[in-house]
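Record features (Swiss-Prot):
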TRANSIT   1-29  transit peptide
BINDING   E227, P228, G229, R230, R624  CoA binding site
BINDING   G425, E426, R427, D446, H447, W448, W449, Q450, T451, D539, R554, R565  ATP binding site
MOD_RES   K518  N6-succinyllysine
MOD_RES   K524  N6-acetyllysine
Amino acid sequence: MKPSWLQCHKVTSAGGLGGPLPGSSPARGASAALRALVVPGPRGGLGGRGCRALSSGSGSEYKTHFAASVTDPERFWGKAAEQISWYKPWTKTLENKHSPSTSWFVEGMLNVCYNAVDRHIENGKGDKIAIIYDSPVTNTKATFTYKEVLEQVSKLAGVLVKHGIKKGDTVVIYMPMIPQAMYTMLACARIGAIHSLIFGGFASKELSSRIDHVKPKVVVTASFGIEPGRRVEYVPLVEEALKIGQHKPDKILIYNRPNMEAVPLAPGRDLDWDEEMAKAQSHDCVPVLSEHPLYILYTSGTTGLPKGVIRPTGGYAVMLNWSMSSIYGLQPGEVWWAASDLGWVVGHSYICYGPLLHGNTTVLYEGKPVGTPDAGAYFRVLAEHGVAALFTAPTAIRAIRQQDPGAALGKQYSLTRFKTLFVAGERCDVETLEWSKNVFRVPVLDHWWQTETGSPITASCVGLGNSKTPPPGQAGKSVPGYNVMILDDNMQKLKARCLGNIVVKLPLPPGAFSGLWKNQEAFKHLYFEKFPGYYDTMDAGYMDEEGYVYVMSRVDDVINVAGHRISAGAIEESILSHGTVADCAVVGKEDPLKGHVPLALCVLRKDINATEEQVLEEIVKHVRQNIGPVAAFRNAVFVKQLPKTRSGKIPRSALSAIVNGKPYKITSTIEDPSIFGHVEEMLKQA
């Protein structure tokens with residue numbers, strides 16, 4: 001039940017789950033801002049299946065939406081916000097009082113947990129499946145309805161409140177890929193607590209720095225994380241982090257995983273999850289202001305203070321709900337799978353909050369693309385659960401291809417409900433893209449975004465009629481709200497197909513970060529000082545004549561070869577397109593004549609019989625044909641594996657340091673740190 005005083009004040013969308021029937025008059029947040037922008041589709045909202053079904057793929061609807069989002073963002077996002085339920089209407093849709101940060105839906109009050117769970121139950125969807133938990137590492141499969149999720153989340157919210165957590169307090173979540181991690185996120189959102197979810201298994205030193213920075217009253221953890229072939233003991237890692245650091249939380253809530261030994265509790269500090277839940281009282285949703293932080297998510301950063309991205313509640317809810325239909329083309333009720341980790345922004349946005357806000361079924365997968373048990377794992381999950389759309393990283397596809405080049409394991413599964421494969425997290429080379437299309441037999445769409453934005457910056461907006469067969473190598477067009485431009489270092493706009501700095505003209509749309517936790521100076525300096533009036537993505541790329549954006553590399557990964565700026569990503573793309581190399585990373589090696597020359601670290605495909613010398617000769621010739629002699633590419637070192645972060649990114653700065661014989665730091669997000677030693681050894685032998 002909601003507090004009674006709120007019931008008559010709740011503003012609900014037209015056409016969304018929980019809204020009045022199409023044709024009824026929706027309540028208004030700020031009347032002028034909420035007038036209908038375009039003729040609504042069959043569900044009365046922006047985008048969605050109705051728009052997609054009528055689309056010819058010409059993108060005319062996309063063009064209308066993008067233009068409206070740029071010329072009149074207040075009206076555009078005001079309309080989208082009607083699909084979210086509000087306790088109190090906003091007085092102003094957009095405000096730039098604290099530039100460069102933009103405030104959205106000023107003075108509006110809402111609750112994300114209510115929008116993600118309660119409202120679906122109130123509108124007769126309580127028995128629909130909210131979460132499918134698929135854990136090959138524990139041989140467990142389970143489903144949870146929206147009603148069952150609400151029961152767990154509301155009780156857990158009661159546990160947190162009982163132990164002193166109130167609106168505005170911080171909670172650190174340090175858990176594996178289990179439903180209880182999502183329950184904790186939602187329980188925090190329910191009571192207005194700010195969660196900071198940190199990868200389960202994260203090293204104690206890094207965990208300690210984040211605990212010291214966010215100063216949680218409570219840490220929520222689990223007894224073990226399960227990796228292929230091993231268990232990770234979480235509680236000793238937490239204990240070590242607390243010894244290293246200064247801050248001590250009041251309580252540690254521990255979930256003991258079933259069928260494993262229980263961990264001992266520290267008297268007076270530790271709480272047993274099951275015992276607390278057994279005696280818990282359910283807790284209602286607490287309204288929060290639109291700008292209230294929903295979570296703090298730490299991202300890779302520079303030296304100094306950790307870089308904790310602050311996510312504002314209202315704009316995030318609006319953007320995620322809108323994106324599920326307009327970008328990803330899903331109807332409520334369809335099954336969605338973001339094959340990521342909850343610790344990444346993809347996990348926050350598109351395992352937990354996005355699909356639940358939109359009334360979808362979300363797959364929570366505790367496994368890997370290969371090795372749990374084999375390269376057919378993704379195909380099994382897609383077939384077994386009737387997944388409509390999958391979101392994964394190109395590195396996962398490359399891993400599957402390397403293990404099973406012909407996808408023999410995948411071909412045994414029928415993917416009748418599977419419609420679209422979205423990839424992001426790193427550049428998707430054309431070779432991987434084409435292989436994916438041939439194997440999965442669905443459109444494969446690359447798109448691009450960042451932890452800071454919380455949702456895509458560029459994409460093929462399926463729900464708005466964008467082409468499902470865009471040119472190879474692109475990452476989509478500017479998502480409505482993101483006015484993307486390519487500038488040189490002097491802030492001059494570049495012509496089509498000229499490599500430059502990718503920036504976004506302000507204001508940033510709803511859902512983008514509102515700051516860095518306890519570090520607003522860095523927020524302004526890092527993102528907004530170099531190009532005043534723009535958000536600096538710190539990525540390099542270009543835009544073609546049709547508006548497709550090609551993200552080539554981080555600005556730092558542009559290699560200066562004798563005065564020519566060469567994208568490392570372009571060379572990688574060329575190498576991978578040859579077909580003999582399964583994975584590669586290109587870095588700049590210092591050269592006394594040219595300044596830098598590109599060096600490739602390559603992983604050969606398993607089915608290649610040629611010698612390394614033959615392959616090197618071939619790929620050098622191939623790069624020369626594709627990019628030209630200006631790239632000065634002549635050298636490659638062959639390794640058995642490349643180091644990757646858990647989200648599939650290659651740590652190029654560390655590899656560049658190794659190649660140039662300089663000290664380097666192994667960050668705690670690296671999946672297997674031992675690979676660095678292997679790379680060093682191969683470089684010595686080369």
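For all residues, glycine too, the Cβ spot is worked out from N, Cα and C.
Positions of the features from Swiss-Prot, shown on the structure.
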{"residue": "E227", "record": "CoA binding site", "DSSP class": "strand"}
{"residue": "G425", "record": "ATP binding site", "DSSP class": "coil"}
{"residue": "W449", "record": "ATP binding site", "DSSP class": "coil"}
{"residue": "K524", "record": "N6-acetyllysine", "DSSP class": "helix"}
{"residue": "R554", "record": "ATP binding site", "DSSP class": "strand"}
{"residue": "R624", "record": "CoA binding site", "DSSP class": "helix"}
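Cβ neighbour density within 10 Å is lowest for R230 among the binding-site residues R230, R427, H447, R554. Among the residues E227, P228, G229, R230, R624 said to bind CoA, no two Cα atoms are farther apart than 45 Å. Taking E227, R427, R554, R624 as the binding-site residues under consideration, the smallest Cα distance to the residue listed as 'N6-succinyllysine' is found for R554. Taken residue by residue with DSSP, the residue listed as 'N6-succinyllysine' is part of neither helix nor strand, so it is coil. You'll find the Cα of R230 (CoA binding site) roughly 33 Å from the Cα of W449 (ATP binding site). T451 (ATP binding site) has a Cβ environment of 20 other Cβ atoms inside 10 Å.
All protein chains considered, the CB of P228 (CoA binding site) has 12 other CB atoms within 10 Å. The Cβ neighbour count for G425 (ATP binding site), using a 10 Å radius and every protein chain shown, is 22. Counting in whole angstrom, R427 (ATP binding site) lies 30 from G229 (CoA binding site) by their C-alpha atoms.
Counting every protein chain shown, 15 other Cβ atoms lie within 10 Å of the Cβ of the residue listed as 'N6-acetyllysine'. Taking the C-alpha atom of the residue listed as 'N6-acetyllysine' as reference, the shortest distance to any of the binding-site residues E227, W449, T451, R554, R624 belongs to T451. The Cα of P228 (CoA binding site) lies closest to that of T451, out of the binding-site residues H447, W449, T451, R554. Neighbour density for K518 (N6-succinyllysine): within 10 A of its CB lie 14 other CB atoms from the protein chains shown.
A simple way to gauge crowding: the CB of R624 (CoA binding site) has 16 other CB atoms within 10 angstroms, across all the protein chains here. The 10 Å shell around the Cβ of W449 (ATP binding site) contains 24 further Cβ atoms across the protein chains shown. Long-range Cβ proximity for E227 (CoA binding site), meaning a same-chain Cβ under 8 A and a gap of 6 or more residues, is found for V137, G201.
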